[in-house]
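As given in TrEMBL:
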{"type": "TRANSMEM", "residues": "105-127", "note": "transmembrane segment"}
{"type": "TRANSMEM", "residues": "139-158", "note": "transmembrane segment"}
{"type": "TRANSMEM", "residues": "190-211", "note": "transmembrane segment"}
{"type": "TRANSMEM", "residues": "217-237", "note": "transmembrane segment"}
{"type": "TRANSMEM", "residues": "324-345", "note": "transmembrane segment"}
{"type": "TRANSMEM", "residues": "365-385", "note": "transmembrane segment"}
{"type": "TRANSMEM", "residues": "406-426", "note": "transmembrane segment"}
{"type": "TRANSMEM", "residues": "451-470", "note": "transmembrane segment"}
{"type": "TRANSMEM", "residues": "491-514", "note": "transmembrane segment"}
{"type": "TRANSMEM", "residues": "534-558", "note": "transmembrane segment"}
Amino acid sequence: MKKPEEEASLLEDYVSDSVDHRGSPAAKSSTGGWRSAWFIIGVEVAERFAYFGIACNLINYLTGPLGQSTAAAAVNVNTWSGTASMLPILGAFVADAYLGRYRTILAASLIYILGLGLLTLSASLILTGESEQRVNVSAKPSVSVNILFFCSLYLVAIGQGGHKPCVQAFGADQFDSGDPKEVISRGSFFNWWFLSLSAGISLSIIVVAYVQDNVSWAYGFGIPCLFMVMALVMFLLGRKSYRYPKGNREESSNAFARIGRVFFVAFKNRKLSLAGSGLGQGLLEDGPSEKHSGRLEFLAKAMIAREDGAEPCSGRDVEDAKALVRLIPIWITSVVSTIPYAQFMTFFTKQGVTVDRRILPGLEIPAASLLSFIGVSILISVPFYEHVFLPLARMITKKPFGITMLQRIGVGMVLSSFNMVLAALVETKRLNIAREHGLVDKPDVTVPMSIWWFAPQYLLLGMIDVFSLVGTQEFFYDQVPTELRSIGLSLSLSAMGLSSFLSGLLITVIDWATGRNGGENWFNTNLNRAHVDYFYLLLAAFTAIAFIAFLFISKLYVYRRVDQ
């Protein structure tokens, strides 16, 4: 008979809520941890290479081979980017409620590869003229080629929607939330995850953008397709080392039904009183005590037993529902504060096209290549954050994590607002130089201003990512129930998606308002007559307002405890 000490030691060698690829309890010695995480990080690096190989230069493809105006192309890019960032909610729902993360990643990868393959085909048709024989070379592509292009583009968005939330959540699942050492490693995972994928993004922007601008758009879309195939192969290679959360394999526990029932029962019990019910306190810590008479009293009513004999909801279910409700205000402020983020693949790139892009005599870089500075900034910022900023923060705050997740997000918001002011100043200088040299009505002539003037705003974007974007992902992953962590990550991604839609809406409204009656259109196709600088200042103001609201909300926020 085993001694209690031996049984305890045996339990410590296995992860309680995960299984291995055979369905047996996951042993810490042979599954999970960094050995599995690096496979998954490699998959994400290849996927990000593929995604940004399409996204980074998309506006130039729309205004070039497809012949769209700058404003229309910017709206199309924002709409596609927003859709790609909103679809992870659907992908996460499918993963958490039905397929599980592993199978969802496999299915999404196949859709992704199909979309990229068709995208390459559409670019080839435009180049070879196989869609139709066009005598006029300047004519726009046929309707059928446009349909093929946009259908394949949105197939990529669908594939990314299933891939993005599940891969990152699956990577974080490789660390045991019940092991203090692995919890700290999981925090580092989010930082090193972002650093690694930034290297893939930077490589994609430098290589793919150059191929697209100087060799062929067909090759420029085909290379990302090849990398997505490599991502799928790499993911399959790590199959035997992964930890698979039990929740993904158990259909008997549906978190959506469990938490959704809280709202339904609370509504049915809305006329009942909590007085004398004897209900205990919730599973909350690290924040002000929230009594049932507080802001979410109506949800606590789901625990009241009814006379008809219906089973009341458990305290855990109610606390999980409260945790989701408390995320909504944070999510809303995140949406507003990330609207500026939508600009780096649209107007930032178009501005770069107008200036002197020579970095060496005879060597001119594509405007989209400046996006690589975001990756360079992240490659510098993550080690700085891990090895300099966090140790100093721990010394000052006496907390193991240095700063809270909400404080990290708040720093990113401040940097985002400042960056928009900086971008506006740089654009004002570009416009002044264009006027001084008489180039206002000569949009095809290069403005004698070095492209290096735009580098600081790209470098700041990388710092914003390290604070705001990574902080938001870790926050939403940590603050939702274990079974809904794919949904948690998709919420952070959907904030960026909705901000892209809002950016597109703002552009459409401002384009109409400023361009009517012969006024000065802020988004004139001739950027030397446009006023993108005004738009940047407007976004800076929006972000500042969102930050003020965020400060108020974060002071009232109550962190949830790790699932028990």
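Even glycines carry a Cβ here, placed using N, Cα and C.
Listed by sequence, the residues of this chain that lie at least six past the ends of the transmembrane segment (365-385) yet keep a Cβ under 8 A from its Cβ atoms are 52, 56-57, 60, 191-192, 194-195, 198-199, 201-203, 205-206, 209-210, 212-214, 344-345, 348-353, 357, 359, 451, 454-455, 458-463, 465-467.
A contact between the transmembrane segment (406-426) and the transmembrane segment (190-211) is absent, since fewer than 3 of their C-beta pairs, 6 or more residues apart, lie under 8 Å.
With a cut-off of 8 Å between Cβ atoms, the residues of this chain six or more beyond the transmembrane segment (534-558) that come close are 284, 286-288, 290, 326, 329-330, 333, 336-337, 339-340, 343, 347, 406-407, 409-410, 413-414, 416-418, 420-421, 423-424, 427, 506-507, 510, 522-523. A contact between the transmembrane segment (451-470) and the transmembrane segment (217-237) is absent, since fewer than 3 of their C-beta pairs, 6 or more residues apart, lie under 8 Å. With a cut-off of 8 Å between Cβ atoms, the residues of this chain six or more beyond the transmembrane segment (324-345) that come close are 55-56, 58-59, 77-78, 81-82, 259, 296, 299, 371, 374, 406, 409, 412-413, 416-417, 419-420, 423, 458, 461, 464, 468, 472, 475-476, 479-480, 484, 491-492, 494-496, 498-500, 502-504, 506, 536, 539-540, 542-543, 545-547, 549-550, 553-554, 557-558.
Among residues of the same chain six or more beyond the transmembrane segment (217-237), those with a C-beta under 8 A of the stretch's C-beta atoms are 39-40, 42-44, 46-47, 49-51, 53-54, 57, 61, 65, 105-106, 109-110, 112-113, 116-117, 119-120, 123-124, 126-127, 204, 207-209, 211. Residues 71, 74-75, 78-79, 81-89, 164-165, 327, 331, 334-336, 338-339, 341-343, 469, 472-473, 475-477, 480, 520-523, 531, 535, 538 of the same chain, all 6+ positions outside the transmembrane segment (491-514), place their C-beta atoms under 8 angstroms from a C-beta of that stretch.
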